[in-house]
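Noted in Swiss-Prot for the protein shown:
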- 1-34: signal peptide (SIGNAL)
- Phe35, Cys55, Cys58, His59: heme binding site (BINDING)
- 284-304: transmembrane segment (TRANSMEM)
Amino acid sequence: MKNNYLANLIKTLQAIVVSVALLAPLVLPSAVNAFPVYAQQAYENPREATGRIVCANCHLAQKPVEIEVPQGVLPDTVFEAKVEIPYDLSVKQVTGDGTKGPLNVGAVLILPEGFTLAPKDRLTPEMKEKTKGVVISPYSDSKKSIFVVGPIPGAEHQTIIFPILAPNPADNKNVHFIKYPVFVGANRGRGQVNPTGDKSNNTLYSSPVEGRLTKIEKTEKGGYILTIQSKSGDPLTINVPVGPELVVKEGQKVTADQALTVDPNVGGFGQTETEIVLQSPARVKGLIAFFFTVILAQILLVLKKKQFEKVQLAEMNF
């Protein structure tokens, strides 16, 4: 009897766990259907062979992004990669339900093989304060030198700090003391295209054909169903979700590619790159010794010149 009770209890708990997992995307759409989850699920590598970061496939507007890293770092040292995502904090974006809300931001940092997130016990108190409330994770198990963050509130995180641990060539034979490229992509606001290829409600809707707008029907959710009679006589239906505002009226003639709504998008995506040098401690010490030798030689040369001038002056007086 007791065994049957335990078995039933285990089955019930398993059913609850499965139900929660299935309902999570519905209860938390902003967390699931947001950058960078789309990219992680759809692309093995976020940077295409052309150099373009795949986030640009959904975030169509171009916006600036900046990255700052040290010019050179030593092996097994922690440094900051600072990503700047500037935008006007006064603007509001169209959310999934059509209302206006604040923008969120996200970023993907692509580092060379061997560079990893710095362990918490290696962070300084200042670094811990800068990264407080920001969850940074590897892109995937096979891409541990690519890091993603977001979506997070943009108002508090226009600057994102990535604490990075530099690799040591002595421990990793694939790492060398050379100059490496660093790539970054960052977005602010929602995308215009879903991974399925469908438009979101944060983009402009236009007429695919030339004709006449014969009917505008408002839906229960607040969107519109537009019926366009093409020049060939065939009716065409366009679904406009809640969010974009119409700029056309019923009975109006429209041309191909003519805007039917305003463009509600206020965000966008940007990418840039920089370089970082993994410095050899022996080379740095050798360079310091070389500079010290040069400076010492210059000092000795000046002293020798002064001594020679004094001897010449003494001989002239004699």
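From the backbone N, Cα and C atoms, a Cβ is placed for every residue, glycine too.
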All-chain count of other Cβ atoms within 10 Å of His59 (heme binding site): 26
Listed binding-site residues (Cys55, Cys58), ranked by Cβ neighbours within 10 Å, top entry: Cys55
